[in-house]
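To start, the structure itself, in structure tokens.
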Amino acid sequence: MASSPPPPPPRREEEEEEERRRHDDGDDDDQITSPLLPPEPSSSRGGGSPEYSPEENSPIEQVALTVPVGDDPDTPVLTFRMWVLGTASCALLSFLNQFFWYRKEPLTITAISAQIAVVPLGRLMAAALPDRAFLRGTRWEFSLNPGPFNVKEHVLITIFANSGAGTVYAIHVITAVRVFYGKHITFFVSLLVVLTTQVLGFGWAGIFRRYLVEPAAMWWPSNLVQVSLFRALHEKEGRVKGGLTRNQFFLVAFICSFAYYIFPGYLFQMLTSLSWVCWVFPNSVFAQQLGSGLRGLGIGAIGLDWSTVSSYLGSPLASPWFATANVAAGFFFVMYIVTPIAYWFNFYKAKNFPIFSDGLFTLTGQKYNISTIVDSHFHFDTEAYEKNGPLYLSTFFAVTYGVGFASLTATIVHVFLFHGSEILQLSKSAFQDKKMDIHTKLMRRYKQVPEWWFICILIANIAVTIFACEYYIEQLQLPWWGVLLACAIAFFFTLPIGIITATTNQSPGLNIITEYIMGYLYPGRPVANMCFKVYGYISMSQALTFLQDFKLGHYMKIPPRTMFMAQVVGTLIAAFVYIGTAWWLMDTVPYICNTELLPPDSPWTCPGDHVFYDASVIWGLISPRRIFGDLGTYSAVNWFFLGGAIAPLLVWLAHRAFPGQSWILLINMPVLIGATGQMPPATAVNYTTWILVGFLSGYVVYRYRRDWWERHNYLLSGALDAGLAFMAVLIYLCLGLENISLNWWGNNLDGCPLASCPTAKGIAIEGCPVYT
């Protein structure tokens, strides 16, 4: 029998292709979403959803498959349950994340853990609390129990938890000053730095929300994990015969993740990085440089540990495949082409040092003694530096700084070429009612947050920051003009980096350019450089966090003013808990972060803070002129700026020359070039395993098992995160506090002791062979 002809492509694909052609030709006026939403006519303010047609759904397929299109505006949101569970989850996550950040394997407990844990608590409160109304008949009437625990309460609790997820970057400044430099900084000044850096981002978020929240094209992929989980936890679903409901699937995956993490987390820690090449060649420095997943190039290394996969790059299940492919291409180019060439051709005496390290070295491969080049006024001592000799970096560390330069210019040029016309159109149409997707249409019924609220917070925060820096100049070293310049940099870069993050789930960093600028303008003052970096970089990063939360509220139809209030309160709570926890640990843990004085098996090694401290030495103390400038060793690295600017232009020209080749538009140079931006402290095995899982999820399953991907992909991501987090906390509480550990070869991480050895002749390092 002759086979039947293949079915025609779905209408959706034809519509997307037509949309792409219209966009390429510049005919995209109808796709611009109104930035400042006008109030909806009173006739449509009743309950239920506005009239909806499938054409109004999001043009992003992942969003259309995941985000619900209905809304009940009468659902209670600001409830007693929300306040209790929201503030508690924010405080708890802030404490746990700061606690684990100082440890050898830093564990970031995401808001997903709280998102799951509060469900039974919320339902218990709904069943147990009295429903009597208080202050009846007044505008402040409320009830402790307004009805069943609902999804909007749950979303707002998660927004609170998001404030405590991750880390507070300003804590690095306090740790560097107190622990690494051994200098004085008061608790009050530290608190001011933490509060002002966290709140400063609200200003940029308010200014750019019209561009980064309301347009459907700005879809923020990582939000879909939480949306999918909300639906699984709240929507009633019948079980298919022989299958599982989404709730059941999540529970099974969560239990498996929870049970499994006892192995990489305690019993068999080598699962974090299985570097089999090192086992085959136990006495070869060359082989271990190639095969080590933690200290080398990671060829063949694999991590059977979800914390290895998601600890630095986030969940690969939430990354769209084109972004994963860009990260993979950038990683392989830097790790397996640029770095080996630079090392084995011995550029800048590369063989005197490890091939992969974030350390600072002398010419003879020894650790550089930074304390000898700091004078009594906490400034750079030029004479001592000339006596000790120049500072050197490992090959990979130097390359990553060059990649950071290139990523910065690539971001600017990419956004200008590929999104410039859209930004211009959005600016011109600020008060016009353009065509909207269903989510933006549903949000019209709610009062928007006035922009002047954000502006007032911004101005007040800048004023407090300038006062703190001027009044406590001896501790912070940053002059008033440095604060204003940092704010200008953050303002300039929030939109371009926000566009990249909202569409690819990857966020190029500003840390290098802020360090570079301040290092040239105000050299020899490490604290000033660190503060400038925090105000210039973290205020932008915080703005993106707030915007991502606003988009989550947009998807789940949370009133914007309620969202704003939750973010402000959550940010303030998190700031106090983070600084309190960090200060407590620095006072109570002996030799915290000091790897030379800590016991060999101590977990308090602070890998992220070491990288931050090294950067403050390079850019703030010694200054970029003596490292990357005319007085430095690595001046050629500055050519990366030009390379980064040219790369997106080549993609744009290729697209103009071959408009029919749609795959060209999937090449995102800021993501590709900045792929290794998390390294160090991230290692090769973090990337190789992340890329493998991202390929299986984003390409194989998404392409060949779309129905399974739609129902389970984001649920699986949340379950893996939550199971790991709960088991990690349990291991610490039951075993870590009692210092109960297992000493056997399976807990020897990586098993590649020679990977950090130099290979130049005559360089003698303890534990390494000497080449003659």
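Each residue, glycine too, has its Cβ placed from N, Cα and C.
Predicted automatically and left uncurated, TrEMBL annotations should be read as such.
Among the features that TrEMBL reports, region 'Disordered' is placed at 1-58.
Panel annotation: around the transmembrane segment (82-101), residues 107-109, 111, 113-114, 117-118, 121-122, 125, 153, 156-157, 159-161, 163-168, 171, 566, 569-570, 573-574, 577-578, 581-582, 585, 606, 608, 728-729 of the same chain, lying at least six beyond its termini, place a Cβ under 8 Å from a Cβ of the stretch. TrEMBL lists 82-101 (among others) with the feature transmembrane segment.
Sequence annotations record features per position, and here TrEMBL assigns transmembrane segment to 155-181 (among others).
Residues or ranges marked as transmembrane segment by TrEMBL: 187-208 (among others).
Annotated transmembrane segment per TrEMBL: 249-269 (among others), in sequence order. The list of residues near the transmembrane segment (249-269) in space but at least 6 beyond its ends in sequence, with Cβ under 8 angstroms from a Cβ of it, reads 116, 229, 232-233, 303-308, 711-712, 715-716, 718-720, 722-724, 726-728, 731, 735, 742, 746-749.
For the transmembrane segment (321-345), the list of distant contacts is 221, 297-299, 313, 351, 355-356, 395-396, 398-400, 403, 504-506, 666-668, 671-676, 684, 687, 690-691, 694-695, 698-699, 702: same-chain residues at least six beyond its ends, Cβ to Cβ under 8 Å. The transmembrane segment feature in TrEMBL is assigned to 321-345 (among others).
Long-range contacts of the transmembrane segment (391-418) within its own chain (CB-CB distance under 8 A, at least 6 residues past either end) are made by residues 334-335, 338-339, 342-343, 347-350, 352-363, 368, 493, 495-497, 499-500, 508-513, 516, 617-618, 622, 626-628, 633-634, 637-645, 647-649, 651-652, 665, 668-670, 673-674, 676-677, 679-680. The transmembrane segment annotation in TrEMBL covers 391-418 (among others).
Remote same-chain partners of the transmembrane segment (452-473), defined as residues 6 or more beyond its termini with a Cβ less than 8 Å from a stretch Cβ, comprise 189, 192-193, 196, 199-200, 202-207, 479-480, 482-484, 487, 531, 535, 564. Here TrEMBL flags 452-473 (among others) as transmembrane segment.
The feature transmembrane segment is assigned by TrEMBL to 479-502 (among others).
For 564-586 (among others), the entry in TrEMBL reads transmembrane segment. Only residues 6 or more beyond the boundaries of the transmembrane segment (564-586), in the same chain, are considered here, and those with a CB under 8 A from a CB of the stretch are 86-87, 90-91, 93-95, 97-99, 102, 156, 159-164, 167-168, 171, 174-175, 178-179, 187, 190-191, 194-195, 198-199, 202, 449, 453, 542, 546, 549, 592, 604.
Here TrEMBL flags 636-655 (among others) as transmembrane segment.
What TrEMBL records for 685-702 (among others) is transmembrane segment. Listed by sequence, the residues of this chain that lie at least six past the ends of the transmembrane segment (685-702) yet keep a Cβ under 8 A from its Cβ atoms are 272-273, 275, 293-294, 298, 301-303, 308-313, 316-317, 319-321, 324, 327-328, 331, 335, 675-676, 678-679, 708-709, 713.
Sequence annotations record features per position, and here TrEMBL assigns transmembrane segment to 714-733 (among others).
Of the recorded ranges 155-181, 479-502, 714-733, the transmembrane segment (187-208) has the largest number of C-beta contacts under 8 angstroms with 155-181.
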